[in-house]
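Below is one structure, written out as structure tokens; the observations come after it.
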Amino acid sequence: MQQAIEQYATGGALRFNGIGKVFPGVKALSDISFEARPGSVHALMGENGAGKSTLLKILGGSYQPNSGTLQIGEQSYQFKSTAESIAAGVAVIHQELHLVPEMTVAENLLLGHMPNRFGLINRGAMYRRAGELLKGLADEIDPHTRLGDLSLGQRQLVEIAKAMSRNAHVIAFDEPTSSLSAREIDRLMAIIVRLRDEGRVILYVSHRMEEIFRVCDAVTVFKDGRFVKTFEQMADLDHDRLVTCMVGRDIQNIYNYRPRQHQGPSLRVTGLLGPGLHEPVTFAVQKGEVLGFFGLVGAGRTELFRLLSGLTRSSAGTLQLDGKPLTLKSPRDAIEAGILLCPEDRKKEGIVPLSSVAENINIGARPRHVNLGCLIQGRWERDNARSQIKSMNVKTPSPEQQIMFLSGGNQQKAILGRWLSMPMKVLLLDEPTRGIDVGAKSEIYEIIHNLAADGIAVIVVSSDLMEVMGISDRILVMSEGAITGELNRDEADESRLLQLALPRTRG
């Protein structure tokens with residue numbers, strides 16, 4: 001053991017020196033500088049969108065920083081590829097594992113550096129080496145087993161063994177327990193302690209407070225892509241102080257909130273169950289109300305929206321719209337009922353990238369007068385696209401411009417324009433301002449408030465605490481597939497919302 005400690009400790013500390021990363025219209029990281037010591041588990045904490053995953057992608061070579069360098073020991077780096085990161089002794093174990101299900105465990109472990117003899121893969125040596133790597137880590141896993149036949153927890157152990165096969169000095173874990181059982185979590189914690197005790201640098205990203213206090217030696221907090229503080233000693237820290245550090249910032253006056261009168265019941269959900277919901281979900285939203293849903297990654301909010309929009313089928317529960325029973329078997333049922341969804345991943349699910357702005361606005365939209373003929377239909381579509389571009393303030397050179405060349409904010413406004421072309425009663429907005437600059441955010445907030453003033457029930461999923469507090473009349477909090485709290489606008493504060501959203505136990 002002492003030899004292993006000395007082997008990895010000589011790799012030195014991991015230092016981030018002035019790391020900056022800018023995407024079009026968004027500053028993801030700004031001047032990030034801190035140090036993680038060998039022989040320690042260093043947590044990265046912050047809300048969704050704080051910049052943790054972006055930093056890990058830079059560490060792993062998937063992204064290249066616009067400024068700054070990494071330093072491991074005395075050597076400075078700016079990785080231009082994942083191969084360069086691996087060669088420097090870095091392994092990043094992502095939430096979605098980078099393994100090949102159809103290959104055997106041994107093939108996955110040694111992919112890229114398989115033993116060979118006379119130019120052919122030496123399979124005997126490959127399986128022996130794989131067995132050595134799994135020994136003491138996952139003795140029950142047969143190297144000959146097809147990886148797709150393993151549990152998620154076992155696949156994660158294979159990913160860790162793969163990192164060890166490359167003698168990684170720096171190992172980063174990104175939300176590693178999000179889909180693990182309590183027993184698998186216990187096992188993972190023990191392995192992380194073992195890796196730490198060998199002198200490696202361990203970075204650990206998790207929203208689970210109990211894991212942070214259980215296994216970590218230091219914590220660095222991020223907020224809006226900026227470094228906030230590093231706590232070098234866990235003894236200096238408790239749950240409330242960490243939450244306060246994560247959420248502390250001034251509210252910017254960009255939300256355009258104004259009080260409004262609600263106009264009677266709109267959508268009522270009773271005892272709803274389905275994929276991603278682990279307890280029956282019950283709530284109601286009023287006409288003219290903006291109802292916010294807050295939660296962390298994996299809370300079940302997007303899964304709830306998929307049920308409400310007919311993308312997935314419920315296994316239990318009932319829906320009522322305007323006091324009448326509603327059954328959703330498909331997205332068409334939801335659209336015809338007036339329940340419209342702006343999805344979280346607009347590039348994959350919200351737009352057709354190669355089509356024009358006008359074509360994207362008119363997807364599914366039809367004039368209220370039927371049987372008008374092709375010429376009149378075409379004229380209506382042109383007029384409708386121009387009208388929505390103007391009313392939504394979509395910045396585009398032309399309605400015929402391919403939508404892929406617009407900014408994220410203008411793409412989102414075009415999607416909203418599409419739905420305004422149709423009869424609407426309930427609007428579902430899943431992370432409506434993710435990846436959008438502040439100016440476009442303010443415009444989208446204004447659109448939301450105008451829709452509510454017109455009597456539309458607007459339900460907004462957001463991982464941004466300030467946003468959900470700034471635009472909502474009422475806030476529901478979800479955690480691990482269940483509603484864990486409800487707060488009126490004047491009751492909500494960041495600490496209460498985050499405490500309701502943070503999972504504390506796992507059965």
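Using N, Cα and C of the backbone, Cβ positions are placed for all residues, glycine too.
If you check Swiss-Prot, you get these features:
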type: BINDING; residues: Gly46, Glu47, Asn48, Gly49, Ala50, Gly51, Lys52, Ser53; note: ATP binding site
type: DOMAIN; residues: 14-249; note: domain 'ABC transporter 1'
type: DOMAIN; residues: 249-505; note: domain 'ABC transporter 2'
Model confidence over the domain 'ABC transporter 1' (14-249), averaged pLDDT:
87
At a 10 Å cut-off from the C-beta of Gly46 (ATP binding site), count the other C-beta atoms across all protein chains.
22
Compile a sequence-ordered list of residues in the same chain as Gly51 (ATP binding site), six or more apart from it, whose Cβ lies below 8 A from its Cβ; state 'none' when nothing qualifies.
Lys21, Ala28, Leu29, Ile32, Phe222, Asp224, Gly225, Arg226
